[in-house]
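What follows is a short report on a single structure.
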């Protein structure tokens, strides 16, 4: 018995005591669903995008040639990863298995990130919220970039926080490598990198930032000149024409097929804002600028509806005319309330600056969904789930802590009251 006590006191503060059970639970949920799908005989879920990725990776295996279209360059990281996995494992089902295991193991990153920014209790709660989120399980079943991107994003932020925590050179190198890979993994990575750089500016002391700029001014200047020279060369040589043309084509598709129809999602719903769009191209001869400015009032309404829709499809199905409807609404609102509680408490407790990467990451995905569109299955929202879980986990931990403090306070009062009553009784009153 004494041996068990010594072991407990030796390891009770080690993170692996908590991460091992969390990993087991996460893998049990995700892999359990994976094997259930295989046993059902239905096969793994398919999508048009997933088939495109497989066809593209197969084409690269047969003839390795990377084009200069948007999907060639802006999904370069995922395309190469999928090509490598196809070369090694052949079967897409095995790739999905690896993807599912990676998603399950990512609960460790959620735990570590929350632990570094807040505390262990918040880390445990956030990790539970993460692996319990249906989106994490769902998108790990598809041959799509989303699941691997979530894991890569968590790894990138974990390495960034380790840079601030330990300042070891290895973490700096790994952070730079993971960041560069994330930028070319999918377009969302570019948006995320912009917000990560903003976090670095927020987190870094002004004097330190100025000193760094002064110290590395020649290196930064050289990189900037090299980038400008490369852009001039590529533009003058028309090497980027296919990329620019495909970007313009996709932007036009979004404007004319989604914005012009007043769609909130990527398909029609009863909640859309229908209007007659102005197609005049009268601002700097730009189709995009002209459409956005000429229809700004209607687009503002669409954005407003998307802000509401970002919470989930349940916002359109709310029914407060019955007790059951109110109960369902409360269940749906709980994550939002916990997220807001975590936000407020981070500000009040002076932790917001250090932990602002959580809110910046969620904000980046939020802006991406509002400006582009929210797909009907909320796939584009999925990368925000871990960060919503972390903020909500901290909010839940603060609520539990507050309840504990209040309970302890009143328990002490009751104890003192009971002692006084006992003394009074013994004195003969």
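The backbone N, Cα and C atoms fix where each Cβ goes, glycine too.
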**Prompt:** Pick from 73-95, 96-118, 257-279: which range does TrEMBL record as transmembrane segment?
**Reply:** 96-118
**Item:** Candidate ranges 138-161, 282-305 [criterion: TrEMBL lists as transmembrane segment]
**Value:** 138-161
**Message:** With contact taken as 3 or more Cβ pairs under 8 angstroms (pairs 6 or more apart in sequence), are the transmembrane segment (384-407) and the transmembrane segment (96-118) in contact?
**Reply:** yes
**Request:** Take the transmembrane segment (16-37) and find every residue of the same chain, 6 or more past its ends, with a Cβ under 8 Å from one of its Cβ atoms.
**Result:** 43-45, 96-97, 100-101, 103-105, 107-108, 111, 120, 123-124, 127-128, 130-132, 136-137, 140-141
**Item:** Candidates 96-118, 173-201, 216-235, 357-378; stretch with most C-beta pairs under 8 Å toward the transmembrane segment (138-161)
**Value:** 96-118
**Message:** Please report, as numbers and ranges, the same-chain residues at least 6 past the borders of the transmembrane segment (357-378) whose CB is under 8 Å from any CB of it.
**Reply:** 113, 117, 135, 153, 157, 160-161, 188, 191-192, 194-196, 198-199, 254, 258, 263-267, 303, 306-307, 309-310, 312-313, 343, 384, 387-388, 390-391
